[in-house]
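Asker: Take this structure, written in structure tokens, and hold onto it; I'll ask about it next.
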Amino acid sequence: MKKKILLMMSLISVFFAWQLTQAKQVLAEGKVKVVTTFYPVYEFTKGVIGNDGDVSMLMKAGTEPHDFEPSTKDIKKIQDADAFVYMDDNMETWVSDVKKSLTSKKVTIVKGTGNMLLVAGAGHDHHHEDADKKHEHNKHSEEGHNHAFDPHVWLSPYRSITVVENIRDSLSKAYPEKAENFKANAATYIEKLKELDKDYTAALSDAKQKSFVTQHAAFGYMALDYGLNQISINGVTPDAEPSAKRIATLSKYVKKYGIKYIYFEENASSKVAKTLAKEAGVKAAVLSPLEGLTKKEMKAGQDYFTVMRKNLETLRLTTDVAGKEILPEKDTTKTVYNGYFKDKEVKDRQLSDWSGSWQSVYPYLQDGTLDQVWDYKAKKSKGKMTAAEYKDYYTTGYKTDVEQIKINGKKKTMTFVRNGEKKTFTYTYAGKEILTYPKGNRGVRFMFEAKEPNAGEFKYVQFSDHAIAPEKAEHFHLYWGGDSQEKLHKELEHWPTYYGSDLSGREIAQEINAH
């Protein structure tokens, strides 16, 4: 009897031990295993996940995110994860290849920027912004790294809120049973971001100096969202002493504008700092791009918020001191694309430059797809125009009921599609006309005339695509009418605009935002 009782007790003990093991396993399995790319993504994701998951980071401190390439081990980590979160394809350029290589369909892939439009980055040749309602343009570039679009959105607290919201929404959709916790965690984290945003706004909205000079042009969104101007300089790094020639030119530049600080992405070596101070009369300071924190720094309590507040404190060394407006060392705005060229540079073009199937952007203006563009333009104008005013202006410019145009360069035909009805005409080249705009920049209209006597309103057409010589167009503004070419030359307010028919509305919005 005793043996039976002991056997029963043993079985019960084993059963409870097994139950406990199972419970622990279920608890562990209930946690979402998330792999992130680099520090800001890790930080934001942890803010959303809380205690409902295990969040890891591929790139350790000291790794350059722009140059990172995942190892086979890294790819396996992603493969074995429940979710993979990254910032943007313009930052982690390798992600598209990794997506294709994944064999597991269970991995939820989250893009931090979501549908956020980005501004132009280095490598994007056609950057312009409309500064005066007559297509004034401005080129943007970033020192050191080559991006079609600038991915450094996390350096603006205002935009970081959107990144956290995107991560929250994607993970909540993938794990509905945890959505309530994710939303609560995100709400707490976003409140902290809103406080940081308020601190930046309060400190910088009335800045005495609106421009700051940096060696690492990663702070474009921060500058845009808080009313500042980021001035990027070349030929200066935190660990290599500038050449004598560079010191000489930098010294002149610093003295011309009374520049007191040049910002680096990390502490400049003592030798570089001393050289800058002695030879150029300027101090070196650090604005962290927040691409990584060491374990030691994190254990010491440093995080996104402490570093961003330190950045603000350092930035105020410049913004709190009144001074003259600081301009870039070189004026990069007067390019051909922006409307500055010599007459002899203008060459004849053929209709084949515009061959293809093209769609009007007007429907995307109407359905709100382009709304982010107007917000960006309003901020770039620094109070000159509101987002609503920009939308009204472009509504007039883009408005058309010709939703599609098909151009056959070989046959020299243009097919206009209106409400599904097609009209095709054959065109001959009629020359070019250089127009001068009120701001002093210029544009070229390339003119064509229909052979058919019944072409009506499509008798005369003029292309404008910011190019002045033969090249394949990426988009264009088109003017048409039945009276004369001369009458069309006077049309400056209405310029129906067309992009490739293979592009989505968001892709078109992104291209427009980079112009």
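Start at 1 and count along the chain as shown; that gives each residue its number.
Yeah, the Cβs are placed from backbone N, Cα and C, and that goes for glycine too.
Found this in Swiss-Prot, in case it helps:
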BINDING   His66, His152, His216, Glu291  Zn(2+) binding site
REGION    125-148  region 'Disordered'
REGION    129-148  region 'His-rich loop'
SIGNAL    1-28  signal peptide
Asker: Could you please provide the mean pLDDT value for the region 'His-rich loop' (129-148)?
Answerer: 40
Asker: Tell me which residues of the chain lie with their Cβ under 8 angstroms from that of His152 (Zn(2+) binding site), as long as they are six or more apart in sequence?
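Answerer: Set apart from His152 (Zn(2+) binding site) by at least 6 residues yet with Cβ under 8 Å, we have Met91, Ala218, Phe219, Gly220, Tyr221, Pro289.
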Asker: Return the residue, from the listed binding-site residues His66, His216, with the maximum count of other C-beta atoms within 10 angstroms of its C-beta.
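Answerer: That would be His216, with the highest Cβ count within 10 Å.
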Asker: Might you list, by sequence position, any residue in that chain lying six or more from Glu291 (Zn(2+) binding site) with a Cβ less than 8 Å away from its Cβ?
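Answerer: The list for Glu291 (Zn(2+) binding site) reads Phe38, Tyr39, Pro40, Glu64, Pro65, given in order along the sequence.
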